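Remarks on the structure that follows.
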Amino acid sequence: MSIFREAGRTFLVKILGYFLGFLNSFIFARILGPSDFGVYSIANTIISFVTIFSLMGLNSGIIRFVGEWYGKDDFNKVSSFYSESIKISVFISIIASFLFYILRVPISNVFEFENLEYIIIIAFAIPFMTIFQVNGGLLRGVKKPSVFFFYEEILLRIVKLVIFFVLIYFLNPLNSLFAAMFLAILFVFLFSSFRVFKLIPNLKFIFKSNKKDSKELFKYSSYLMFVRFTEFMMGYVNTIIIGVFLNSESAGIYSISQILSGVLIFIYVSFNSIFVSNVADLFNNNKRLELEKLYSDITKIIIFLSLPLVIMMIVYSKSVLNIFGEEYVIGFKTLIILSLAQFVSISVGPNESLLSMSGNQKYSLINGIVIAVLNIFLNILLIPKYGIIGSAIGAGVSLIIVNILKYLEVYFILKINPYNKSYLKLFPISLIIFFFNFYIDRNFSTNLLYLIILGFVNYGILFLVYFLFSTKDEKNIIRKYFKK
């Protein structure tokens with residue numbers, strides 16, 4: 001029961017964290033404008049990039065080893081793996097910070113940062129963010145993921161927002177945000193460190209290295225680092241490339257479009273959690289027909305629930321971006337491209353989880369390499385000529401190609417296909433919703449309140465049609481999701 005309770009807490013924290021992240025982006029984008037918000041987005045991306053490199057996958061690795069030895073009440077082993085993770089990652093992060101400080105002038109010139117202090121703040125933030133992530137790995141290892149995600153998704157964002165509003169009375173908005181970002185990272189680092197040692201009273205820091213544990217941990221973690229690195233290359237590297245080839249204003253406009261299109265991913269992740277909790281058991285017990293049916297039902301529901309969102313992102317792209325400020329409306333084509341790409345991407349269902357949980361993890365690594373290389377190549381090729389639209393095309397093409405690849409892998413390796421005739425009913429429903437919204441957009445002006453109301457209307461139509469024509473199993477999955 002405690003496992004399900006913890007899963008429920010984690011899910012709730014994730015939901016609240018997403019809306020807080022959206023609120024933060026909305027406030028910062030409105031106050032700073034595209035150019036300064038772009039500088040902030042680039043800085044955030046750099047911190048994430050260097051932190052991934054500094055961690056070397058150790059924050060993910062200790063989840064396994066700490067979980068194993070914590071379950072056996074062997075706190076010496078827990079302390080050993082935690083200490084090795086801290087020592088290795090902190091050493092690398094300090095070197096990275098030092099290099100950033102030494103190279104602050106050329107780095108500032110590349111991204112056209114007017115203030116060298118921004119690079120210094122980034123340099124000082126990296127070690128604290130690195131330790132915070134290691135603490136997070138430990139908390140997840142002892143079956144307390146909700147605690148870590150609370151610090152990362154909620155506390156970090158609330159503290160950043162509060163400090164920002166305090167400092168803005170004394171500093172300009174961008175300086176206030178950079179200071180708030182650093183202080184918020186420092187805050188969650190201290191809180192997570194305190195919580196780790198309070199949660200595990202027998203935990204101690206071991207200065208003497210354990211070569212056996214260190215080697216075992218590093219061997220396992222290095223693979224995870226590479227997977228995480230390829231994910232980063234797909235999700236965030238575009239902002240850095242735009243900052244290099246274009247300017248911070250373009251990076252800011254692109255970041256907002258990327259955040260908005262990411263709403264579709266939230267639906268995918270939510271239902272993927274249901275799939276993951278069942279797929280391993282069904283596969284290991286050779287219940288192939290049940291697995292294929294669950295995969296098909298989950299995929300159909302993901303597509304179904306995403307339809308109103310992607311249609312609204314396309315039809316009301318200018319109105320949605322105008323919420324953040326008139327300066328962002330120029331990115332409406334970018335939002336349309338990214339939203340369509342995300343929709344096509346999630347329309348193949350939770351194929352990544354199906355491959356991983358069925359013992360085909362190697363394909364995850366191959367897919368990660370393909371999407372990372374393709375995305376970077378297309379961005380470098382298209383951005384100089386087409387600007388942020390080129391970046392969106394690069395990201396979109398990469399997403400679609402790699403997810404088609406995943407679909408083919410699932411089809412040919414596992415002989416599973418999620419699609420059947422029942423999917424055909426999605427087309428008339430999507431057309432009804434599209435033309436309804438197209439008519440509204442052409443004949444009425446829309447603002448934030450109207451968009452919210454239209455969202456409820458669209459989903460009202462969707463659920464009405466869904467429960468009239470869906471199967472019993474599809475209804476059960478929806479009920480199970482909302483009872484979590």
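The backbone N, Cα and C atoms fix where each Cβ goes, and this holds for glycine too.
Sequence annotations record features per position, and here TrEMBL assigns transmembrane segment to 12-33 (among others).
Here TrEMBL flags 45-67 (among others) as transmembrane segment. Beyond the ends of the transmembrane segment (45-67), by six or more residues, the same chain brings 77-78, 81-82, 84-85, 88-90, 92-93, 96, 100, 122, 125-127, 129-130, 133-134, 136-138, 140-143, 213, 216-218, 220-229, 232, 236-237, 239-240 to within a C-beta distance below 8 angstroms of the stretch.
Summarising the annotation, TrEMBL assigns transmembrane segment to 88-107 (among others). Non-local neighbours of the transmembrane segment (88-107) in the same chain are 50-51, 53-56, 58-59, 113, 116, 119-120, 122-124, 126-127, 130-131, 133-134, 214, 218; each lies 6+ residues outside the stretch with a CB under 8 Å from one of its CB atoms.
Among the features that TrEMBL reports, transmembrane segment is placed at 119-142 (among others).
Per TrEMBL, the feature transmembrane segment maps to 154-171 (among others).
For the transmembrane segment (217-246), the residues of the chain that approach it from at least six positions outside its boundaries are 38, 41-42, 45-46, 48-49, 52-53, 55-58, 60-62, 64-65, 81, 84-85, 88, 110-112, 254-255, 258, 364-365, 368-369, 371-372, 375-376, 379-380, 383-384, 387-388, 391, 394-395, 398-399, judged by C-beta separation under 8 angstroms. Among the features that TrEMBL reports, transmembrane segment is placed at 217-246 (among others).
For 252-277 (among others), the entry in TrEMBL reads transmembrane segment.
Sequence annotations record features per position, and here TrEMBL assigns transmembrane segment to 298-316 (among others).
The annotation transmembrane segment is assigned in TrEMBL to 328-351 (among others). Proximity of distant same-chain residues to the transmembrane segment (328-351), defined by a Cβ-Cβ separation under 8 Å and at least 6 residues beyond the stretch ends, is recorded for 29, 34, 252-254, 256-258, 260-262, 264-265, 267-268, 271-272, 275-276, 279, 295-296, 298-299, 302-303, 306, 309-310, 313-314, 317-318, 320-322, 388-389, 391-393, 395-397, 399-400, 403-404, 406-407, 409-410, 418.
The transmembrane segment annotation in TrEMBL covers 388-410 (among others).
For 422-440 (among others), the entry in TrEMBL reads transmembrane segment.
Under 8 Å from some Cβ of the transmembrane segment (446-469) lie the Cβ atoms of residues 304-305, 307-308, 311-312, 316, 319-320, 323, 425, 429, 432-433, 436-437, 440, 475, 478, all in the same chain and six or more residues away from its ends. Annotated transmembrane segment per TrEMBL: 446-469 (among others), in sequence order.
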Which of 12-33, 119-142, 298-316, 388-410, 422-440 contacts the transmembrane segment (154-171) most, counting Cβ pairs under 8 Å: 12-33
Cβ pairs under 8 Å between the transmembrane segment (422-440) and the transmembrane segment (12-33), at least three: no
